[in-house]
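Taken straight from TrEMBL:
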| type | residues | note |
| --- | --- | --- |
| DISULFID | Cys74-Cys83 | disulfide bond |
| DISULFID | Cys111-Cys120 | disulfide bond |
| DOMAIN | 48-84 | domain 'EGF-like' |
| DOMAIN | 85-121 | domain 'EGF-like' |
| REGION | 131-190 | region 'Disordered' |
| SIGNAL | 1-23 | signal peptide |
Amino acid sequence: MWRAVISMQFIILSIFLNAIVNAQEGHHSPIETTIASTVATVVVGSEHEVACTAADCNERGSCFGTKAMPLCLCQLGFAGVRCQDTYCDSARDCSGRGWCMGTSSQFSCLCNLGFAGERCERETAPAGQITIATPAPPGASHRAPESGARPEQSGEQVHSPRHESGSRNGFGGESAESGGQFSGHNGMML
């Protein structure tokens with residue numbers, strides 16, 4: 001039953017679209033004129049169903065089908081069954097520091113190099129450096145380092161592969177084997 005109704009709706013829609021094209025070219029047939037004049041009501045068998053309108057697509061698209069079974073063709077920038085969603089905006093949703101994928105209600109950010117976080121809101125260590133969060137030595141402050149202070153004085157160590165090292169992994173200071181944690185993109189542990 002449903003397949004017949006849907007098939008009939010698409011046939012009527014096809015005839016209607018052909019009628020519009022033919023009317024624009026100046027060709028009119030009695031059946032096309034009748035169909036074009038009854039846009040508001042689609043007749044399927046003995047049932048009358050009301051045709052959908054742009055309002056059924058949140059005024060963000062064109063609607064084909066009926067109020068009971070609308071089919072929305074969304075305008076550029078809108079998505080969803082009823083054109084209810086907007087695509088996300090990289091400048092707004094990813095702090096202008098990455099690429100946004102998805103809709104404004106459900107998206108992911110692919111952050112540019114040097115930025116991390118759900119919305120690319122956090123700066124990461126400069127290229128070639130790895131920031132390792134380590135416990136502060138006894139008597140050290142947990143404040144941000146003052147101008148000119150070394151990172152080790154704040155409880156955070158910055159290591160670079162270029163620094164001299166006595167450890168076998170090529171990094172100075174605490175190694176990953178001794179409890180250091182390497183924090184990667186979106187808090188992943190590397």
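Count begins at 1; order follows the chain as displayed.
Heads up, the Cβ atoms here are built off N, Cα and C, so glycines get one too.
The number of other CB atoms found within 10 A of the CB of Cys111 (disulfide bond), across every protein chain shown, is 21.
Taking the Cβ of Cys83 (disulfide bond) as centre and 10 Å as the limit, one finds 22 other Cβ atoms among all the protein chains shown. According to DSSP, Cys120 (disulfide bond) sits in a coil region rather than a helix or strand.
Mapped onto DSSP classes, the domain 'EGF-like' (48-84) shows 4 helix, 17 strand, 16 coil.
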